[in-house]
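Student: Structure in structure tokens, see below.
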Amino acid sequence: MNFLRGVMGGQSAGPQHTEAETIQKLCDRVASSTLLDDRRNAVRALKSLSKKYRLEVGIQAMEHLIHVLQTDRSDSEIIGYALDTLYNIISNDEEEEVEENSTRQSEDLGSQFTEIFIKQQENVTLLLSLLEEFDFHVRWPGVKLLTSLLKQLGPQVQQIILVSPMGVSRLMDLLADSREVIRNDGVLLLQALTRSNGAIQKIVAFENAFERLLDIITEEGNSDGGIVVEDCLILLQNLLKNNNSNQNFFKEGSYIQRMKPWFEVGDENSGWSAQKVTNLHLMLQLVRVLVSPNNPPGATSSCQKAMFQCGLLQQLCTILMATGVPADILTETINTVSEVIRGCQVNQDYFASVNAPSNPPRPAIVVLLMSMVNERQPFVLRCAVLYCFQCFLYKNQKGQGEIVSTLLPSTIDATGNTVSAGQLLCGGLFSTDSLSNWCAAVALAHALQENATQKEQLLRVQLATSIGNPPVSLLQQCTNILSQGSKIQTRVGLLMLLCTWLSNCPIAVTHFLHNSANVPFLTGQIAENLGEEEQLVQGLCALLLGISIYFNDNSLETYMKEKLKQLIEKRIGKENFIEKLGFISKHELYSRASQKPQPNFPSPEYMIFDHEFTKLVKELEGVITKAIYKSSEEDKKEEEVKKTLEQHDSIVTHYKNMIREQDLQLEELKQQISTLKCQNEQLQTAVTQQVSQIQQHKDQYNLLKVQLGKDSQHQGPYTDGAQMNGVQPEEISRLREEIEELKSNRELLQSQLAEKDSLIENLKSSQLSPGTNEQSSATAGDSEQIAELKQELATLKSQLNSQSVEITKLQTEKQELLQKTEAFAKSAPVPGESETVIATKTTDVEGRLSALLQETKELKNEIKALSEERTAIKEQLDSSNSTIAILQNEKNKLEVDITDSKKEQDDLLVLLADQDQKIFSLKNKLKELGHPVEEEDELESGDQDDEDDEDEDDGKEQGHI
């Protein structure tokens with residue numbers, strides 16, 4: 001306040017002094033008047049003066065205005081005037097600054113008044129509570145005032161809102177306001193609120209902000225919408241950028257799928273307004289936020305897959321190949337597609353299949369490379385195409401092979417009708433444009449990145465330089481152009497290509513050294529004292545020569561490792577060589593290129609280093625320095641140690657693979673045993689069901705037997721005499737047929753039981769075979785279950801035998817009944833009995849016989865079903881027994897293999913112990929010779945011992961199993 005009063009006191013007297021008195025009177029009226037109308041009029045007058053006399057109103061009226069907000073909440077009009085006045089005091093409008101021509105000291109009034117306002121945190125809480133009012137004259141000024149506070153002192157206001165109860169939730173309600181002015185200003189408020197505050201970003205996201213913002217964008221027409229769409233997209237970027245939690249929530253909420261309609265740009269003639277270009281640019285940037293290389297790899301990969309599955313990548317490729325797209329949108333689309341496919345094999349394969357709508361159709365990669373090597377294309381577009389090509393080849397050995405194959409003689413189109421990617425890269429590599437040379441060299445280096453196979457394949461490429469001359473290899477042509485002294489950008493690109501090509505590829509090093517002019521050229525370049533511009537080239541030449549030493553397999557006697565180091569010491573000097581090598585990492589553009597993969601340069605002359613190449617320099621600089629200072633004896637000892645360790649590693653790897661295979665076999669056997677257990681449980685359940693069914697059949701049979709006994713006792717001679725009506729003989733004949741069928745079924749059942757007996761005997765013999773004691777616990781459990789199953793089958797057999805005996809008794813009783821029937825058929829009817837009584841008895845007997853026949857049929861059907869189920873059980877037992885026998889044989893073989901493996905592992909441990917002793921003696925010799933033993937060697941030997949211990953433990957566990 002003293003500062004503000006000092007500013008006010010420094011102003012000239014005159015009319016302003018009169019206005020100051022007026023403001024003082026108005027403030028007194030606001031503070032002392034008891035009538036609401038008087039206070040309202042006074043606040044309205046302060047509002048009208050607040051823009052022109054911002055300082056005076058702010059100093060004298062701020063406390064009174066805050067008091068009005070606290071005491072007069074019931075009157076929306078005075079609250080609105082007070083909020084507008086505070087907004088005019090705190091905000092810094094550009095027009096206001098132009099009108100006032102204020103000094104730098106007065107330009108800071110907004111932040112000063114903001115600091116006074118938020119000094120009491122209750123003022124911000126009061127403002128948040130006022131935003132709950134639905135009245136337009138209260139809510140809208142409140143939104144503008146809070147937005148201005150956030151713009152002035154964002155972090156402080158954010159912290160107050162964060163600790164305020166339901167503070168963020170109240171602000172989220174603004175997005176649901178039906179009045180567009182409040183909703184749109186609410187979006188601006190949330191922009192300022194979420195800027196650089198991860199905690200608030202998470203709260204806003206979980207308050208359903210994504211859903212509401214996407215709804216607003218859809219309602220406004222997606223990319224064809226107005227500035228509201230732009231504001232929503234900026235807010236979405238604030239919520240998602242560098243916020244892994246919100247990115248995962250956005251993906252899990254299936255919001256990526258809702259982004260696809262954004263890129264449906266429509267017809268070519270629909271036009272591209274400035275707002276549409278801005279909106280689409282922000283939409284593309286939002287996609288890039290989700291798949292940025294700076295995100296965790298897992299999150300980026302999941303978003304890339306989701307974009308392919310929902311068709312978003314396909315839609316982006318459609319824009320990429322469309323005509324009439326503005327240059328900046330096309331450039332940003334290329335960058336977006338680049339990061340969507342980077343490191344994702346599925347997306348990279350799809351991009352390789354995209355064709356441009358030309359006649360004949362050409363792959364999109366070829367069309368993009370044509371733009372990259374065309375010097376008439378914009379620089380930014382060429383950088384974007386290079387980035388797209390790099391992302392296509394990133395961790396994509398399949399794509400690298402396809403690009404290199406277009407350079408090989410067998411795949412080149414002899415007719416010349418089509419242009420391949422390899423031809424375009426070669427054309428750019430040897431063109432007169434230095435930028436095309438650099439881009440083509442870097443692109444070709446990415447085709448060789450971490451791919452030794454393609455490095456060897458590229459050695460086969462032959463170039464026809466001129467008519468009548470023999471073809472020259474691509475490697476030789478690169479060195480020829482390098483020695484011709486072209487532009488620095490061209491030489492840097494070629495040196496980066498050669499360094500990438502020769503690293504980790506001894507065959508390529510041999511081909512490079514085979515040309516006798518290469519080594520003298522490199523040593524000459526390094527030894528010269530050139531200007532600062534040539535120091536980078538000298539450093540790259542030193543790196544290339546160091547790679548030729550470090551990855552040299554000594555296959556050429558002329559350029560063995562030791563001879564090359566002697567050559568460096570004589571012509572250059574080791575210290576000078578290391579100093580020149582350090583020029584690379586000390587270059588000002590090196591650190592800039594190492595920060596991010598995208599080649600983003602302000603102008604072509606800054607295009608010197610590639611991101612992946614900086615990783616290679618960081619990896620090789622130290623090892624090359626050590627290799628230069630090592631003596632020949634140390635090299636020999638190191639090579640011997642390396643060979644020994646490689647042999648040990650191969651042996652250990654072999655046994656690890658063997659143990660891994662045995663573990664897999666054990667897992668398979670365990671799975672098979674568990675499957676057999678399940679099958680046995682199912683069989684046991686089936687047997688239990690069969691036992692219950694047999695019991696039911698037995699009960700039905702007993703009931704039928706009782707009923708037949710009652711019929712034979714109670715019907716007497718009347719039933720026998722009723723056989724003369726002509727109906728009973730037919731039923732009796734049918735009953736005889738049914739009995740015959742029962743006999744045949746019984747015989748069939750007995751034969752099946754005999755087969756089951758033989759099966760049980762086979763099972764017993766298999767269980768008594770040698771080697772039973774060596775079976776695993778899981779197999780023993782199966783044997784117990786099979787034994788239980790045998791007992792159940794034996795019980796089933798006894799029950800079926802008893803049923804057969806009972807059926808035989810039933811047949812005997814039926815025969816007796818038939819005999820009685822035939823005997824009475826010959827006798828005459830009893831005299832004195834009427835025909836009506838005889839007919840009634842006959843009908844009763846017929847009904848009883850019909851019921852008997854029906855029950856007999858049901859019994860027959862149930863016996864048939866039982867027979868079929870027994871057959872199925874037999875088949876399942878057969879398959880189970882055969883499987884158990886096979887498993888037993890395999891387990892015996894596996895135990896023999898495990899025993900052999902344990903013996904081999906013991907031999908290996910002895911061998912490793914001997915080698916450890918040799919390594920220890922070598923270290924002692926080195927110490928005696930005065931050479932320090934490096935810590936890395938000790939760590940490596942320690943790691944080797946740990947691996948040996950782990951292998952020994954694994955072997956013990958395997959033997960125990």
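Every residue, even glycine, has its Cβ placed from backbone N, Cα and C.
Note that the structure is predicted; figures quoted are calculated from it, not measured.
Here Swiss-Prot flags 1-641 as region 'Globular head'. Residues or ranges marked as phosphoserine by Swiss-Prot on the basis of similarity to another entry: S50, S941. According to Swiss-Prot, the feature N6-acetyllysine maps to K202. Residues or ranges marked as repeat 'ARM 8' by Swiss-Prot: 363-408. Marked as compositional bias 'Polar residues' by Swiss-Prot: 764-782. According to Swiss-Prot, the compositional bias 'Acidic residues' annotation covers 934-955.
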Student: Return the residues near K202 (N6-acetyllysine), defined as same-chain residues 6+ apart in sequence whose C-beta is under 8 angstroms from its C-beta, sorted by sequence, else 'none'.
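Tutor: K202 (N6-acetyllysine) has long-range Cβ partners N243, S245, N246.
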Student: Kindly report the helix/strand/coil residue split of the repeat 'ARM 8' (363-408) according to DSSP, in that order.
Tutor: 33 helix, 1 strand, 12 coil
Student: Taking the Cβ of S50 (phosphoserine) as the reference point, list residues of the same chain whose Cβ is under 8 angstroms away and which are at least six residues distant in sequence.
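Tutor: Sequence-distant Cβ neighbours: V57, G58, A61, D84, T85, N88, I89.
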Student: Just to confirm my parser: what is the rounded mean pLDDT across the repeat 'ARM 8' (363-408)?
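Tutor: Its mean pLDDT is 95.
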